[in-house]
Amino acid sequence: MPPIVAIVGRPNVGKSTLFNRLTRGRRAITHDLPGVTRDRLEAPAEIEGRFVTLVDTGGMDYEAEESLARQIVEQAEAALVTADVVLFLVDGKAGRTALEDDLAERLRRLGKPVIVAVNKVDGLERVAAMTADFHAWGLPLLAISAAHGQGMAELAEAIAERLPEAEPYDPDAPLVQTVLRLAVLGRPNAGKSSLINALVGESRLIVSDIAGTTRDAVDVVVHQKGKRYLFVDTAGVRKRTRITDGLERYSVAKALSSAKRADVAVVVIDATGGVGVQDKRLISFLDSERKAFLVAVNKTDLVPQKDMLALQKDIARELRMCSHVPVLYMSAAKGKGVAKVLPQAEAIWAECQIRIGTGELNRAMRASLDKHQPPLVNGRRAKFYYLTQAADAPPTFVFFVSDTERVRDSYIKYLENSLRKLFGIATAPVKVVCRASHKPKDER
């Protein structure tokens, strides 16, 4: 397991900017507003030839009384417990604060290597003036500019010097590979973080009744039965008219981008609110992208039993255009029904990998084509010559026909349903494409 380097500090000192700089990617959301990072983010980074896990934490404010602020501090403290090296980031322009004096003393008591990185120091001539105050702590100190990349080489060297010795390579050690990458989507406060916490078995993500608690896409690894699952907990997707700032707009865009990169998406719906407009749009987006997904109806413990049948009918009605999508009913807070999520996602992904030979495809589909021929369009009927599977994930089938304009959407849906029935594709998305082609020479 690679050593862990945690970045901590008060709000808005540039922790996420430094995180993005060291991981060589714009992975954490950065913004001028304090408190942008709420959960702790993890990503691999290479420091002086050593691979480490870098952890970005939310701003630590021990004086804050709000529940959300306290949970942010708890997440940061959890990162400190597992850290091998701590980067204590401070703002050189703002100077030392009483809050940071308190935090410095707490870090000293940890007994772990701590490096004070004085950020926002632009220009060598200002180093002495902007770092003078921070020497009072008696901790190793460096001046950097995360935004402009200044001092990064010195910082990397200081980190590398404090890393624990690398574990010897064991060629017989079993390799644990990621089975699935899953994106968790849904409206704000639907219970996405609660679902992941229930699967992990700890409060890995901040859970709050304040809508919009999660702003970044946070990767969380779940180990179950010797398998490794990578979950991405995403910002809530809400109506455009309710997105009040640029930060939240970027969070939503990143959530949808995470869904595209995932193997399987999990759409979390709040059972107490039913299927909302944004739930419908999100499902429509995933269906149009032919993305593998399942629906997790959360908070069923808060729905009276007499209303459950109406809820199930409502969800079935909204999924009628993508009836292959599995629906799970659960209560993440109570831990009920959660155990079905990973096996179901794995089953969907297994179907996404299906490969069918061209000969087998054509023999099996010939009966379906003969039984239900394409309808006449302007007095003529499209001729189907042959088909082949062009790709998997999702399974994509290309039909070569005489005239694509004579193939109606309803007939394409019939072809999709026939393929599902013939080859046992029950829960994965299926993509059917018709391509114009001349009649094969051996049929002329």
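Backbone N, Cα and C atoms are what each Cβ position is placed from, and that goes for glycine too.
Model, not experiment: these values are computed from the prediction.
For the recorded site, GLY9 (GTP 1 binding site), the DSSP three-state label reads coil. Residues annotated as GTP 1 binding site in Swiss-Prot: 9-16, 56-60, 119-122.
As annotated by Swiss-Prot, GTP 2 binding site applies to 186-193, 233-237, 298-301, with the evidence given as sequence analysis. Non-local contacts of THR300 (GTP 2 binding site) by the CB criterion (under 8 A, 6+ apart in sequence, same chain) comprise ALA271, MET308, TYR329, MET330, SER331, LYS336, GLY337.
Swiss-Prot lists 3-167 with the feature domain 'EngA-type G 1'.
When pLDDT is averaged over the domain 'EngA-type G 2' (180-353), the result is 79. What Swiss-Prot lists as domain 'EngA-type G 2' is 180-353.
Per Swiss-Prot, domain 'KH-like' is recorded for 354-438, and the stated evidence type is sequence analysis.
In sequence order, GLY92, VAL127, MET130, THR131, ALA143, ILE144, SER145, GLN150, GLY151 are the residues near VAL121 (GTP 1 binding site), counting only same-chain partners six or more apart with C-beta under 8 A. Counting only the Cα atoms, the space from LYS192 (GTP 2 binding site) to THR57 (GTP 1 binding site) is about 19 angstrom. It is 23 Å from the Cα atom of GLY186 (GTP 2 binding site) to that of THR57 (GTP 1 binding site). Comparing GLY9 (GTP 1 binding site) with ASN189 (GTP 2 binding site), their Cα atoms are 27 Å apart once rounded. DSSP assigns GLY186 (GTP 2 binding site) to a strand.
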